[in-house]
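Participant: TrEMBL feature annotations, pasted as is:
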TRANSMEM  25-48  transmembrane segment
DOMAIN    41-292  domain 'G-protein coupled receptors family 1 profile'
TRANSMEM  60-82  transmembrane segment
TRANSMEM  94-120  transmembrane segment
TRANSMEM  140-163  transmembrane segment
TRANSMEM  211-229  transmembrane segment
TRANSMEM  241-259  transmembrane segment
TRANSMEM  271-291  transmembrane segment
Amino acid sequence: MGLFNVTHPASFFLTGIPGLESSHAWLAGPLCVMYAVALGGNAVILQAVRVEPSLHEPMYYFLSMLSFSDVAMSMATLPTVLRTFCLNAHNIPFDACLIQMFLIHSFSMMESGILLAMSFDRYVAICDPLRYATVLTSEVIVGMGLAVAARSFITLFPLPFLFKRLPICRSNVLSHSYCLHPDMMKLACADITINSIYGLFVLVSTFGMDMVFIFLSYVLILHSVMAIASQEERLKALNTCVSHILAVLVFYVPMIGVSTVHRFGKHVPRYVHVLMSNIYLFVPPVLNPLIYSAKTKEIRRAIVRMFHRMKT
C-alpha cells in the first residue's frame, strides 16, 4: 500500500459560521466590503510605493511586502468565502482544500517574518541611524524578503503531506469557510500526534521566535530613545514606530487568541473558535493599509499625489 493509499473524502463541506447558516446572505455584504477594503487599500499602497520616489526607502519597501502578503492572504480565502456566503456553494475538492490550507498558513507566516524585518528596520533607523543606508541596502532588503518567503514555504511544505497520510472517515464537514490545518485534523480517525507536534513546532520556532525578536528589538529601541536628551526628539523617534507597533498588535493578538482557544478552550462554544479565526484572517489585511495611511504622513501625501495625477 502506498503512503497516501488511505480513505479521503472527495470534497470537504465548508460550514461558514456554525449556527448562523440562515444569516449567510446578510453576512455576505460586510464580507465583500472587507475584501474590497483589504484588496483596494493594499493595492493603493503597493502602487504608491512603486510610483512615488519619496517612498523608495527601506521602510516603505518592507511596507509594500506587508501589503503584498495581505493581498495574497485575502486572495487565498476569497474564492471559498464568497462561494459559501454569496452562492451557498459549500463543497471544496480535497486537493484544493490542501492547497488553500498551505497557502493560508504560508502567507500568515510570511506576514510574521515581514513584521520582524520591519522591526529590524526601525531598530537600525533609531539605534544606528548613521549606518542605516549602508546596512539596509537594496540587496539586503531583497535578500530579507526572499528569506522570509523561503522560510514560509519550506517550513510548511510537509504540512499537506502529513495531513494526506491521515484517513478521514468521521465527517467531511469543516467549521469555517476556508481550510485550516487544526480544523482539518479533527476529522481524522487516526493518531494525529505527529501533525500536532509539527504544528506546535512551527508555531513556536517561527511565530514564537518572531515575537521574541520583535519584543527584544523594541526593548533596544526604547533604551536608545530614552538616552535622547530632547523630549521632542524622543517623541519624534517613537512616532516613527507607532504604525509598526499597531500592525504587530493587529496581527499577533488575534493569532495568540486563536492558538489559546484551540489548545485550551475545548469546552468553548464552536462559534467562538470560528469568530477568532475569522478575526485573525480578515482583520489584519483590512486594518494594515488604514493604519499606515492614517499614521504615516508620507504615505498619505504620496497617495494624494498619486490620485491627483490620475485625475489630471
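Glycine residues also receive a Cβ, built from the backbone N, Cα and C atoms like all the rest.
Just so you know, TrEMBL annotations are computer predictions that nobody has curated.
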Participant: Six or more residues out from either end of the transmembrane segment (241-259), which same-chain residues have a Cβ under 8 Å from its Cβ atoms?
Facilitator: 66, 108, 111-112, 115, 118-119, 122, 126, 203, 207, 211, 214, 218, 221, 273, 276-277, 279-280, 283-284, 287-288, 291-292, 295-296
Participant: Compare 25-48, 94-120, 140-163, 271-291 by their Cβ pairs under 8 Å to the transmembrane segment (211-229) and return the stretch that comes out on top.
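Facilitator: The stretch I would name here is 94-120.
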Participant: Report, as numbers and ranges, every residue of the chain located at least six residues beyond the transmembrane segment (60-82) whose Cβ falls under 8 Å of a Cβ in that stretch; write 'none' if there are none.
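Facilitator: Sequence-remote neighbours of the transmembrane segment (60-82) are 14, 28, 31-32, 35, 38-39, 42-43, 45-46, 49-50, 92, 100, 103-104, 107-108, 110-111, 114-115, 117-118, 121, 141, 145, 148, 177-179, 247, 281-282, 284-285, 288-289, 292, 298-299.
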Participant: Are there residues at least 6 beyond the ends of the transmembrane segment (271-291) whose Cβ is under 8 Å from a Cβ of it, and what are they?
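Facilitator: Counting only partners 6 or more residues beyond its ends, the transmembrane segment (271-291) has Cβ contacts under 8 Å with 17-20, 31, 34, 37-38, 41-42, 44-45, 66-67, 70-71, 73-74, 77, 104, 108, 111, 175-176, 178, 180, 183, 243, 246-247, 250-251, 254-255, 257-258, 261-262, 265.
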